[in-house]
Amino acid sequence: MLKIIDAKVIVTCPGRNFVTLKITTEDGITGVGDATLNGRELSVVSFLQDHMVPSLIGRDAHQIEDIWQFFYRGSYWRGGPVAMTALAAVDMALWDIKGKVAGLPVYQLLGGACRTGVTVYGHANGETIEDTIAEAVKYKAMGYKAIRLQTGVPGLASTYGVSKDKMFYEPADNDLPTENIWSTAKYLNSVPKLFERAREVLGWDVHLLHDVHHRLTPIEAARLGKDLEPYRLFWLEDSVPAENQAGFRLIRQHTTTPLAVGEIFAHVWDAKQLIEEQLIDYLRATVLHAGGITNLKKIAAFADLHHVKTGCHGATDLSPVTMAAALHFDMSITNFGLQEYMRHTPETDAVFPHAYTFSDGMLHPGDKPGLGVDIDEDLAAKHPYKRAYLPVNRLEDGTMFNW
């Protein structure tokens, strides 16, 4: 038995808020897990401190599956983003500990490497099409084989995915939600022009992706997918609200553009219909919000039965702890598709020293025992929590809409 004697929650804001769980065993071995829920961080802090940490003390850190089931099945109020994010933090930390005890990187404990590295995609964005293309050219020069393109929409003051003042993209930047204006018609008119220009400049030897961010109806998404077919996107992401699973059937019937969804999914039930009916090509569920490595491995295995690949969320709303965990997961599964990689700020990287590295369009998790990531608690303490909310959208007539 490897008894857990301490578990503490650390909140830090090196440019944005992150929540980290650190578990310590009686032998002095520590493991870290990410518990960040973007814009709702303190809800997970409370859930961990009030409901999970007391039940962790005294348990055997080796019993990862049993502890996972204890917190999931043992709770009548199972599931949901807060509980599953908290559970993911516990799961990551326990896998980190198990790897350190074994003296092996976690991917070796998950069955070993299925590939030499994890192919990632970067984010190129700009206020105009030409700004976006210029950024994409830089990513291609850095070795990226896949790039997500987002650009400002003419007639709209702000657009999802476009950074402010050329800084790292961070939508949750105000004490209270910023209200933005959205126009589907203007958006649908602009996106095909972006990808037409992208293919002219970038050529056909790089994968291109786009994120709609849940803002279309199924028929609108079908029309967009059809319009984008000539440019052979790797995927069209979150084209309709993720809970509208039946809507993907209509989209699928009208376009061959590959579809991706799932970064807000918490468990397999959220994606069951999409996977079984092969209504999507890529599942975007993440280690952070789907209950950790233990649960996501099961979801990926189910997806593999139906020829659906993974494409895990990897924006900066998750810390380098999740990024490391995602890479070990990605290395170990047969149906890996692509991994999102949005670079963290230097301040964040300093707080979370990590072993993973980027080269030739791929991330490599490294071979340090465990997850290969840690938290500098002294440095983290110098960056106190700062409340920040995600924006909200209204239509041009004032109607509240999806962000």
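Cβ coordinates come from backbone N, Cα and C, glycine included.
There are 22 other Cβ atoms within 10 Å of the Cβ belonging to Y160 (active site, proton donor/acceptor). The annotation active site, proton donor/acceptor is assigned in Swiss-Prot to Y160 (among others) on the grounds of similarity to another entry.
Under DSSP, H213 (active site, proton donor/acceptor) is assigned to coil, being neither helix nor strand in the three-state scheme. Other C-beta atoms found within 10 angstroms of the C-beta of H213 (active site, proton donor/acceptor) number 19, with every protein chain shown included. Per Swiss-Prot, active site, proton donor/acceptor is recorded for H213 (among others), and the stated evidence type is similarity to another entry.
What Swiss-Prot lists as substrate binding site is N38, H123, E263, R284, H313, D317, E340. Secondary structure from DSSP puts D317 (substrate binding site) in coil. For D317 (substrate binding site), the same-chain residues 6+ apart in sequence whose C-beta sits under 8 angstroms from its C-beta are R16, T36, N38, A172.
Note: E263 (substrate binding site) has non-local neighbours D238, R284, A285, T286, H289, H313, i.e. same-chain residues 6+ apart with C-beta under 8 A of its own C-beta. The annotation Mg(2+) binding site is assigned in Swiss-Prot to D211, E237, E263 on the grounds of experimental evidence.
The feature site 'Important for activity and substrate specificity' is assigned by Swiss-Prot to A315. Around the Cβ of A315 (site 'Important for activity and substrate specificity'), a 10 Å sphere holds 20 further Cβ atoms from the protein chains shown.
In sequence order, V212, H213, D238, A260, V261, R284, H313 are the residues of the same chain, not among D211, E237, E263, whose CB sits within 8 A of the CB centroid for the Mg(2+) site. Secondary structure at R284 (substrate binding site), taken from DSSP and collapsed to helix, strand or coil, is coil. Annotation: H213 are the recorded positions among H123, H213, A315 whose CA atoms are within 10 angstroms of the CA of Y160 (active site, proton donor/acceptor). The Cβ neighbour count for R284 (substrate binding site), using a 10 Å radius and every protein chain shown, is 26.
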